[in-house]
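Working notes for the structure below.
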Amino acid sequence: MTQKPAVDQELAPDVVAQPELTGKKTLGGRLASQRVWLGCIAGILALILLPMLSDLIFGGSSDFQLHHISLIGIFILAALAQNILTGYAAQPSLGNAAFFGVSAYVLTWLSSDLGQPYWIGILAAVVVSALLGLIVGTPALRISGAHLAVATLGLVTTVGALLNFWDTTAGRQNYDLSNLPDFLNDDRTLYYFIFAIVVCLLFLSYHLLHSRVGRAWIAIRDNETAAEAFGINLTKYKLQAFVISAAMTGLAGSLYATWATTASSSMSSADQTIAFLAMIVVGGLGSLTGSILGAIFVGFLPLLLGQLPSPMVIGSFQLQISTLITGIYGLLLLLVLIFFPSGLSSLGTQAGNWLQRKPSKGGTE
Amino acid sequence: MLKVEQLHVGYGSLEVLHGISFDVPEGAIVAILGSNGAGKTTLMRALSGLIPIKSGKIDFAGKAVGRLVAEKRLREGLALVPEGRDLFGSLTVRENLLMGAYTRRSRTEIEQDIERILERFPRLKTRLQAHAASLSGGEGQMLAIGRALMSHPRLLLLDEPSHGLAPIIVETVFEVIEQLNREEGLTIVLVEQNAHQALEVAHTAYILQSGSIVLNGEATTLTANSAVQELYMGG
């Protein structure tokens, strides 16, 4: 197919080589969606096979590893929630760790103290988080940017302190989650349980983000004035993002309590907030793949650092590695922002561009 | 069709428009000319409901719309093509068009309108799945106009359609404006710095200076006016 860059070139300097992008169901579009489907199927297969592989690699005592991989699934949910709110709906809210903590306590309280079934506990945790999201989101809409970030960070530390206060007045060291269904006590079934939820929510999020609601969020992010001019109700959609994000974080929080079989006030802390933020910035703002990559990166890092001897002795220094993890998150944020300003999810595109550019460079020489 | 009376608009204590009045008959192209800082964009934002008015009246099709929110005015048929186009950069061309129809519900009608707009702007058809941010200036302006048309407007507000475009593209854009008016009977209000182009397509024009209208008349009369020539058309 020959392209004729004649008179119209000024109107479309980069239209060349995209002749297939015309209709709704084009060849290019079909190939792209086929690739997405293939990727999804490969990913799901890998998730199903992973426990068996880890058995092969690490032998029978691999439950420790699998247990940590499950944690990544929980972080994927949390990163997804933060990304919907911050990467798509453009609300720089740092309050999600509060919902993460509260939902863990709601589940543990209902399940351990009141003896309610686990499923009721999960449901209640998600509903309470969504309601809190609504309560927090309503005033948060009137502030923006740095003010919103600082105000919601205040919420996280306040909630963390309240949960800690509850622990203290109840006179408990650990708030353990008992009364779990049997299959959740097994690392392998817990792994499958968590990743089934992750896959479902990734699927739902994908469709949500490609629906009217998702388009409205992106439009608000890209250009708030134009979005308003075309009749998008800013308040409604921002609030929706707050509630959905909070509910999702609540699910992640109650799964975390299930995973750790305990609820801890440190789940609602500035450190946790930074971890969520690091995930989406490292992974890529406004990208589903980015949420996954970021969660893997940030989720795996403590695991790897945990393998280091602590305290580490270098000469006469004793290095307490565990106290450095947050610092390393911060450093990573810095490095990724410098080298991959749009996150790890841009790696694929960047590699593609690089490969495409190479031969054309050779041609001009 | 649009009647503006004694419109005062400002930001906080700063008043930008000091009592503006003008009339737009149905089916007309009315140009409002002014240099940088004359209050052109403020006027467009006030007309489309993006900023509140301080006092005065905006009547559209016999209805007082001056206190309505942007969404209601859009539903009445008052659509804005913003300055600098204000596209949704990370949405595709198609999705941008869909955003223009956000207040409408009928799927089939929306699809028909997209087809109609792509016929008018064939260039967009080849770029349908491209991100709006990757469009050239001319394509972007076509998309901005197409997006506004998706709301089924009765009156199109164009904020500096020539902004940031190469002269040859400006000509194409103004041809499109003229066509929309002639073929579809669309009433058009455009604010422009480029008086030469604007007066060529407009029927009547108003000169806006520091937030007040200082001169108005038939486009042909104003083109011949030596003061206008000197101030806005480079002598």
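Placement of Cβ uses the backbone N, Cα and C atoms for every residue, glycine included.
Remember, it's a predicted structure, so these values are computed and weren't measured experimentally.
What TrEMBL lists as transmembrane segment is A:36-58 (among others).
Summarising the annotation, TrEMBL assigns transmembrane segment to A:64-81 (among others).
Residues or ranges marked as transmembrane segment by TrEMBL: A:93-112 (among others).
Sequence annotations record features per position, and here TrEMBL assigns transmembrane segment to A:118-136 (among others).
Annotated transmembrane segment per TrEMBL: A:148-166 (among others), in sequence order.
Tertiary proximity for the transmembrane segment (A:190-209) is limited to same-chain residues at least six positions away from its ends with a CB under 8 Å from its CB atoms, namely 44, 47-48, 50-51, 66-67, 69-70, 73-74, 76-77, 80, 84, 88, 183-184, 217-218, 244, 248, 251, 255, 258-259, 288, 292. Per TrEMBL, transmembrane segment is recorded for A:190-209 (among others).
The transmembrane segment feature in TrEMBL is assigned to A:241-262 (among others).
Within the chain carrying the transmembrane segment (A:274-305), a Cβ under 8 angstroms from the stretch's Cβ atoms is held by residues 68, 71-72, 75-76, 78-80, 82-83, 86-88, 94, 96-97, 100, 202, 205-206, 209, 218, 221, 321-322, 324-326, 328-330, 332-333, 336-337, 342-346, 348, all 6 or more beyond its ends. Summarising the annotation, TrEMBL assigns transmembrane segment to A:274-305 (among others).
Under the heading transmembrane segment, TrEMBL lists A:317-340 (among others).
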Do any residues, 6 or more residues outside the transmembrane segment (A:241-262), come within under 8 Å Cβ-to-Cβ of it, and if so which ones? 67, 70-71, 73-75, 77-78, 80-82, 84-85, 88-89, 91, 93, 96, 99-108, 118, 121-122, 125-130, 132-134, 136-137, 140, 174-178, 180, 184, 190, 194, 197, 201, 208, 217
